[in-house]
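> Below are the structure tokens for one structure; questions will follow.
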Amino acid sequence: MGDEDWEAEINPHMSSYVPIFEKDRYSSGENGDNFNRTPTSSSEMDDGPSRRDHFMKSGFASGRNFGNRDAGESNKRDNTSTMGGFGVGKSFGNRGFSNSKFEDGDSSGFWRESSNDCEDNPTRNRGFSKRGGYRDGNNSEASGPSRRGGRSSFRGCRGGFGLGSPNNDLDPDECMQRTGGLFGSRRPALSGTGNGDTSQSRSGSGSERGGYKGLNEEVITGSGKNSWKSEAEGGESSDTQGPKVTYIPPPPPEDEDSIFAHYQTGISFDKYDTILVEVSGHDAPPAILTFEEANLCQTLNNNIAKAGYTKLTPVQKYSIPIILAGRDLMACAQTGSGKTAAFLLPILAHMMHDGITASCFKELQEPECIIVAPTRELVNQIYLEARKFSFGTCVRAVVIYGGTQLGHSIRQIVQGCNILCATPGRLMDIIGKEKIGLKQIKYLVLDEADRMLDMGFGPEMKKLISCPGMPSKEQRQTLMFSATFPEEIQRLAAEFLKSNYLFVAVGQVGGACRDVQQTVLQVGQFSKREKLVEILRNIGDERTMVFVETKKKADFIATFLCQEKISTTSIHGDREQREREQALGDFRCGKCPVLVATSVAARGLDIENVQHVINFDLPSTIDEYVHRIGRTGRCGNTGRAISFFDLESDNHLAQPLVKVLTDAQQDVPAWLEEIAFSTYIPGFSGSTRGNVFASVDTRKGKSSLNTAGFSSSQAPNPVDDESWD
């Protein structure tokens with residue numbers, strides 16, 4: 001491939017051999033200390049003849065300590081020979097460059113900080129700095145006891161030489177230290193602060209902490225074995241691995257105008273009345289036509305009016321009475337059709353009528369409703385909707401998601417939690433720490449349920465319903481919503497839903513919204529950038545989302561467009577949560593009218609006035625295509641989707657793409673039809689009419705399409721998948 005071969009995701013490189021270094025039995029001091037005694041006299045800092053005595057006393061000549069980062073990272077560099085870097089009697093990869101002395105008689109092997117650890121102390125601290133060389137640890141950047149040692153590390157492995165976490169507000173459960181700057185292991189570690197307090201020292205991998213920027217790998221030692229754990233394999237799902245997350249998201253605005261801010265429906269909103277809806281299952285309650293027929297309480301009706309809701313969408317007309325009747329539901333409706341309000345309003349109505357159990361006065365919070373979604377951005381969006389509809393009531397909604405400080409999530413919960421909106425990883429962390437009880441759960445909602453049940457999140461969802469205290473499916477109400485429900489996902493859903501659940505299919509089930517004008521262009525891999533710039537220059541400042549397949553390419557294309565003087569930002573799973581929120585904020589406010597995104601932004605995100613979606617790379621599945629173009633043409637507004645079709649890599653999508661275009665009454669290029677009819681896909685019916693993606697109730701046996709080969713149930717392997725949680 002040429003220099004534009006960006007098709008493959010960058011997989012973590014596996015180390016062929018990771019040595020395990022055991023403590024050298026010869027490195028112990030005379031008195032049985034874990035480390036040798038360090039002279040405390042300041043006169044011994046001289047570079048005169050006494051240095052030879054230092055080597056003799058330290059005993060490190062034959063027992064170098066490879067890859068150990070000691071708990072205290074604040075030594076004053078009183079002994080330059082034992083702590084100075086490389087060479088005889090020095091430790092390789094030692095992150096214990098600290099500003100305190102070993103106390104005589106202490107055999108613990110931990111460093112004790114001295115009281116004179118301050119900015120104006122003239123004693124040098126030569127922690128390795130950033131990309132190499134020595135750095136004065138008494139620099140203002142490392143002043144005070146919270147900055148331990150010099151900043152740095154090798155930009156390759158976690159740890160290395162340098163900075164421990166400057167933040168001491170840790171959970172007790174997380175007090176594990178990564179020892180072994182270059183060849184790491186995990187062991188408990190305490191850092192004495194001089195007053196009996198303990199804190200944690202952790203290695204970092206971000207650019208400021210000297211870690212490798214881009215390849216988030218860490219070596220974890222367990223039962224004498226080393227194993228690589230990467231973020232793509234679930235690194236974000238546990239807060240005890242990797243660098244400590246300190247990000248606390250800013251609270252949303254509390255004024256009423258901001259809470260009820262909404263955008264106007266489009267000219268096509270009235271067309272929703274003509275969309276066909278099919279309900280399958282026994283004894284389905286009749287649909288409602290207005291909000292008044294739902295018999296909601298006055299507070300809810302007031303909030304609905306403030307939010308600008310005047311008419312029910314088709315999915316709301318049928319879903320609200322079904323949920324009010326206490327039935328389990330699987331609802332499939334096109335993107336941007338009001339599915340969030342369809343489950344929030346009846347749940348809130350029940351809670352207002354029956355009363356709530358959780359409050360800020362209870363030690364253990366037991367929410368009545370848990371809403372789970374695959375991405376942080378989507379779950380935060382659901383929370384804002386829940387906060388809007390519950391405004392002025394006793395119901396309190398809380399949102400928790402990965403990439404933020406775990407302590408912040410816990411503090412939000414203990415203030416009272418009736419509706420918990422969460423991503424799977426953070427939810428299981430909170431449950432594992434016993435910060436919430438599940439006995440009062442009445443409603444379990446899976447938004448983007450097809451993604452929640454596939455191989456990406458399916459195991460975690462099964463763990464959730466198997467947790468101690470979680471009511472069985474017969475004792476709770478389970479609701480699933482998505483724009484696509486492949487047949488395989490419906491089979492998996494049987495473990496979560498009662499046998500008499502109802503299935504609501506709205507409009508062209510699993511199909512693209514007809515308010516989106518779809519265009520497919522035949523563009524070769526090496527012509528895509530030029531074509532993209534041409535389209536964006538013609539679009540001007542209209543809000544545009546550009547979808548690519550890999551995280552690396554997202555940053556590359558965003559940088560390329562900025563060089564072309566097109567204001568662009570990017571969002572993907574490798575970006576820090578702070579950066580992801582900043583990117584969305586810049587896109588929403590118009591500062592950057594172009595957002596380059598991977599699948600993180602393809603699901604559920606509701607951004608106002610997105611006029612264009614460009615598929616720079618077509619996705620691997622047709623369901624993902626439907627979700628991507630659904631970012632435009634929402635709530636009756638019109639939009640445009642342009643897709644680049646590469647003959648070398650996208651032929652497998654030709655047949656389903658022709659079907660999607662035909663069902664949405666879009667023009668199908670002749671060249672695409674020719675490819676579609678010349679390409680054989682096992683199980684594909686070839687019909688351009690009828691239901692699509694098997695997103696009809698499989699209990700009826702009506703499916704006319706076997707999606708083998710391109711259904712969303714064949715999700716990417718978790719190793720290659722993006723970190724959504």
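We number each residue from 1, going along the chain as drawn.
Every residue gets a Cβ built from N, Cα and C, even glycine.
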> Among 289-317, 521-549, 637-665, 666-694, indicate the range for which Swiss-Prot gives the feature motif 'Q motif'.
289-317
> Of 229-248, 469-488, which range does Swiss-Prot call region 'Interaction with RANBP9'?
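Going through 229-248, 469-488 one by one, Swiss-Prot flags 229-248 as region 'Interaction with RANBP9'.
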> Among 23-26, 403-406, 407-410, 447-450, where does Swiss-Prot put the label motif 'DEAD box'?
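When 23-26, 403-406, 407-410, 447-450 are checked in Swiss-Prot, motif 'DEAD box' belongs to 447-450.
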> Given the ranges 558-581, 702-725, which one is assigned the annotation region 'Disordered' in Swiss-Prot?
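Here Swiss-Prot associates region 'Disordered' with the stretch 702-725.
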> Let me spell it out: for each of the binding-site residues (Q334, T335, S337, T340), count the other Cβ atoms within 10 Å of that residue's Cβ, using every protein chain shown. Which one has the most?
Q334
> So of G336, G338, which of the binding-site residues has the fewest other Cβ atoms within 10 Å around its own Cβ?
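It is G338 that, of the binding-site residues G336, G338, has the fewest other Cβ atoms within 10 Å.
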> Three-state secondary structure of T340 (ATP binding site) from DSSP?
helix
> Starting from the Cβ centroid of A333, Q334, T335, G336, S337, G338, K339, T340, which together make up the recorded ATP site, report each further residue of the same chain whose Cβ lies within 8 Å of that point, ordered by sequence.
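Leaving out the recorded residues gives T313, V315, A483, R634.
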> Please compute the mean pLDDT of the model over the domain 'Helicase ATP-binding' (320-503).
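Across the domain 'Helicase ATP-binding' (320-503), the average pLDDT comes out at 93.
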